[in-house]
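Peer 1: One structure, pasted below without further comment.
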Amino acid sequence: MLQGHERSITQIKYNREGDLLFSSSKDQKPNVWYSLNGERLGTYDGHQGAVWCLDVDWESRKLITGAGDMTTKIWDVEYGTVIASIPTKSSVRTSNFSFSGNQAAYSTDKAMGQNCELFIIDVRNADSSLSEQEPTLRIPMVESKITSMLWGPLDETIITGHDNGNIAIWDIRKGQKVVDSGTDHTAGINDMQLSKDGTMFVTASRDTTAKLFDSESLMCLKTYKTERPVNSAAISPILDHVVLGGGQDAMEVTTTSTKAGKFDSRFFHLIYEEEFARLKGHFGPINSLAFHPDGKSYASGGEDGFVRVQSFDSTYFENIFE
């Protein structure tokens, strides 16, 4: 149980090795934790608004965050200093490094008379001059705003999930849409996470389902159904398991008892689409989930402001579907 945020968690992410866990929340200060024992290693001070998203690069050298203060910041992971701060015209909803770490992408909200836009920047020699540089690509989103985003294979494409449930793939060399999922989801996409090999990804949607998609064709492969909005979903790196977390929207939560089971982490079998376990813990909706890269534990961040890291016992690995 990691206590260090004063307000609800917005996103959590492990680095590639899994020794560090990064968390962002609405209290303006992203944190980094040592995932093995839950020790807080430091905070990244500098944002003036709720931090909506974060991502750490492949080498755990740089951290990118996007916030409601209309900036994207790139940080030095080890020293906690700001390498670059990029101003935007509305709050930043998603931000991700590419696999190579040479580029980063971020998207802004449709607000204050501004359209939602997707930006791609070159971060190879990131320094304070990045705020004056033009992005290498900007794509205006005409229809619905972006609510989650992933880099496709080989840094050639970007997969975007939208507020209307649509998913699209963009070719960043041409700057145009190449694949559109249509209406597999009927409500907004809250989260998307890739499988370990990058061939598929899982979506979490307000329409109470999570779905598994092929990451090149956007073909819907599997559907995991629940009774309430899904805020986050993650794929196990070692087993055919998916974990879903959610609950009602923060606005609709009353003081229900946790026994109602609305705020559990729910485990589904990736292929059979059957739920086989639930884990309690949070006193409110789960906003973000992440599997440890070794697949032996997972972390969840909730509306209650806590991050919980849970290790699996041996019975979890003796697969019940064999």
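Backbone N, Cα and C define each Cβ position, glycine as well.
Swiss-Prot lists these features:
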- 4-43: repeat 'WD 1' (REPEAT)
- 46-85: repeat 'WD 2' (REPEAT)
- 141-180: repeat 'WD 3' (REPEAT)
- 184-223: repeat 'WD 4' (REPEAT)
- 281-322: repeat 'WD 5' (REPEAT)
Peer 1: Hey, which bits of the same chain come close to the repeat 'WD 2' (46-85), Cβ under 8 Å, at least six residues off its ends?
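Peer 2: 7, 10-11, 13, 15-17, 20, 22-30, 32, 91-97, 99-101, 104, 106, 123, 126-131.
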Peer 1: Determine which residues of the chain contact the repeat 'WD 3' (141-180) at the Cβ level, with the cut-off under 8 Å and only residues 6 or more beyond its ends counted.
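Peer 2: Residues packing against the repeat 'WD 3' (141-180) from afar: 93-94, 96-100, 102-103, 105, 107, 109-110, 115-118, 120, 186-194, 198, 201, 203, 205, 207, 213, 215-218.
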Peer 1: Pull the DSSP breakdown for the repeat 'WD 5' (281-322) and write it out as helix, strand, coil residue counts.
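Peer 2: Here the numbers are 4 helix, 18 strand, 20 coil.
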Peer 1: Give the nonlocal contacts of the repeat 'WD 4' (184-223) in its own chain as ranges (CB under 8 Å, at least six residues past its ends).
Peer 2: 147-150, 152-153, 159, 161-167, 169, 229-235, 237, 242, 244-246, 268, 270-271, 273, 288-290, 293
Peer 1: Against which stretches of its own chain does the repeat 'WD 1' (4-43) lie, if we need a Cβ under 8 Å and a gap of at least six residues from its ends?
Peer 2: 49-56, 58-60, 63, 65, 67, 69, 77, 80, 250, 284, 287-294, 297, 299-307, 309
Peer 1: Mind checking how the repeat 'WD 4' (184-223) divides into helix, strand and coil residues in DSSP?
Peer 2: 0 helix, 22 strand, 18 coil
Peer 1: Can you give me the average pLDDT across the repeat 'WD 4' (184-223), rounded to a whole number?
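Peer 2: For the repeat 'WD 4' (184-223), the model's average pLDDT rounds to 95.
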Peer 1: Counting by DSSP, what is the helix, strand and coil composition of the repeat 'WD 3' (141-180)?
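Peer 2: Residue counts for the repeat 'WD 3' (141-180) by secondary structure: 3 helix, 23 strand, 14 coil.
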